[in-house]
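Straight from TrEMBL, the features:
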TRANSMEM  B:40-60  transmembrane segment
TRANSMEM  B:66-89  transmembrane segment
TRANSMEM  B:96-112  transmembrane segment
TRANSMEM  B:118-141  transmembrane segment
TRANSMEM  B:148-166  transmembrane segment
TRANSMEM  B:186-206  transmembrane segment
TRANSMEM  B:227-245  transmembrane segment
TRANSMEM  B:260-279  transmembrane segment
TRANSMEM  B:307-328  transmembrane segment
TRANSMEM  B:340-359  transmembrane segment
TRANSMEM  B:366-387  transmembrane segment
TRANSMEM  B:393-410  transmembrane segment
Amino acid sequence: MTVTPILELRGIDKSFGPVQVLHDVAFSAYPGEVTALVGDNGAGKSTLVKCIGGIHSFDAGEYRFEGRRVQVNGPRDAAALGVEIVYQDLALCDNLDIVQNMFLGREKRRGPILDEATMEEMAARTLAGLSVRTVKSVRQQVSHLSGGQRQTVAIAKAVLWNGKVVILDEPTAALGVAQTAQVLELVRRLADNGLTVVLISHNLNDVFAVSDRIAALYLGRMAAQVRTTDVTQSQVVELITSGRSGDLGLATTNGATP
Amino acid sequence: MTTALHPEKTAEQPPSTVDGIRAVGRDYLDRLRGGELGSLPAILGLVALCVIFAIMRPVFLSNLNFANLLTQGAGSIAIAMGLVFVLLLGEIDLSAGFASGVCAAVLAVMLTDQGWPWYSAVLAAVLTGMLIGLVLGVLVARIGIPSFVVTLAAFLAFQGIVLMLLEEGTNISINDPVILAIANDNLPPVLGWAMLGIGVGGFAAVQLRQMRNRRRRGLTTAPPVLVAARIGGLAVLGGIAVHLLNQERSRSLVVDSVKGVPIVVPVIVVLLVIGTFVLRRTAFGLHIYAVGGSQEAARRAGINVTAIRVSAFVICSSLAAVGGIIAASRGHSVDPNTGGSNVLLLAVGAAVIGGTSLFGGRGRLINAVLGGMVVAVIQNGMGLMGYSSGVKYAVTGSVLLVAAGVDAVSRRRAVRR
Ligand SMILES: Nc1ncnc2c1ncn2[C@@H]1O[C@H](COP(=O)(O)OP(=O)(O)OP(=O)(O)O)[C@@H](O)[C@H]1O
Ligand SMILES: [Mg+2]
């Protein structure tokens, strides 16, 4: 535990109007490791990720990156830090093609003109590197892709930018068996290459297969962040469903009342 | 079928021409089946209408009428091109017609009451358009009022502003020769040919350079025959048009000789080329499509959605100003009706009939031109056949509805996948 986290959140509060969704959440992710973020539907996982990505501002708390406190006021700030996120929903523009989506907001240009050829090459190389074989052409419109293919494009988009931290919000939810195995393998490979990976998943088998740490959210509070090897699946299930398991988890259960 | 992902391979074995054309044809058919009709209905409609009117009223095909058609359509085509930017976002600008009226009134007041030179007056009119667009855009994108409501309110307000500028309904006649020339004069025949030559040459240069560049890097390209056909097609169609327009069309040669490409044509073509370049070749243009496709995805990609939306309204109203200037030139005057009555309907009709989606994210500037030609042909042809304005409006309205219906149906197919 001597390594300092590359990404660290402290005391994050987030409300949507009168509803407080995140309560005093702390979260850390370490280089070379896969941190799994688990929790029931509505626990606040996606909200936390959107706060990290600069999509939502948070009401209170500290955002630290590589040991320094940083201000992330929008998606560009997060991208500039090297944080790449595959969102659970609404991540792609249907009316654009694969290349355009992968480079959206960060297009390669020559002068004022889009450098389509370079972008197409880079996109094709990235997809080939992920051994994507089912996509007919990188110039296909995203609206013509299947759910899994879109998911793959979203993942490729995150990989393309060589970020330091890659966060994947339920990346395998729409994928078939083979594709899921491939994504999990990729997740592990990214971490083994020294990247920081955060994986959100409801599938505990997958979580135990690839993660080094597990962070469990319960009703907007961080119940526990533990090493994967230190816990059993049933303990994690308890953390997810009741916020505590033995001496792990939230101090008092009524502390978790909404 | 993974060729596109393995650039090296295509470079070694370029697909044979026939295969290439087949593939392009297949892709196109797939896209049609998938509901992306683009401007196909407008082109078919244009051809059908021209054939019908030519049979019913041979005078429809006369050189004079052809030139008339172009100058008739130019004003609403300019407005329609602006509307495309707003429609691409899935928004609407109902005030574009009267915005063009306000800008035309500003032009007239500056020219006559203030005695400004034509270029200052034109600048004032266009700046007025930009200001109008800025106000509309801020109200829609920053305050968050639906564009329908904002521009409906503006529709009324601008009507009032035109009346105020023209001091309760008097009309101001335009005497400036340069402004009058825009919609009433023609290019010398030689200049028409020269411009066509430059246009086709430029288009060919861009296409060939792009193809060479992609070839060299081993990326897939459109088959050379197709590129050649595009360039040839443009040259032939342009050549026919310039040739026809360069014929004498004056009824009494003694008084005056009238021949050449109307000056509005290069004006529209230049706007079309610049606008298309911006939309298809720059990041700004791509971001307009992105915001129209999914605002949230665009926002997450770090695009300043508000700025994009505001600028689309600014572009729309600025092009409306150009439309107003053309209308003022054509009418030799500005009156309270300039930009009023059916101007907006025709412009929206032009954009939608041309194949711009009302749901945002799909459409090109050329759509506005093609749709504008359809509208102009209907107005012109039915006028020749002696139908009243009432019938013309009713028919144009129905065509707009049909176009919107085609748009809605094709969108359903596209969404269903
Ligand atoms: N934009 C929003 N406005 C209001 N409430 C929101 C918003 N986004 C999320 N919420 C609420 O915040 C809570 C947490 O949602 P979130 O999407 O973060 O859950 P999650 O842990 O990702 O769940 P899932 O596993 O279903 O994806 C939910 O109760 C949800 O209703
Ligand atoms: Mg979620």
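Cβ atoms are placed via backbone N, Cα and C, with glycine included.
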Any contact, the transmembrane segment (B:40-60) to the transmembrane segment (B:366-387), with at least 3 Cβ pairs under 8 A: yes
Top Cβ-contact partner of the transmembrane segment (B:307-328) among B:66-89, B:118-141, B:148-166, B:260-279, B:393-410 (pairs under 8 Å): B:118-141
Top partner of the transmembrane segment (B:260-279) among B:118-141, B:148-166, B:186-206, B:393-410 - counted as Cβ pairs under 8 Å: B:186-206
Contact set, same chain, for the transmembrane segment (B:66-89): CB under 8 Å, 6 or more residues outside the stretch: 96-97, 100, 147, 183-184, 186, 244-245, 249, 262, 264-265, 267-268, 271-272, 275, 279, 288-289, 291-292, 308-309, 312-313, 315-320, 322-324, 326-327, 330, 343-344, 346-348, 350-352, 354, 356-358, 360-365, 367-369, 371-373, 375-377, 379-380
Within-chain partners of the transmembrane segment (B:118-141) [C-beta distance under 8 Å, separation at least 6 from its ends]: 91, 93, 95, 99-100, 102-104, 106-107, 110-111, 147, 150-151, 154, 158, 176, 178-179, 305-306, 309-322, 324-325
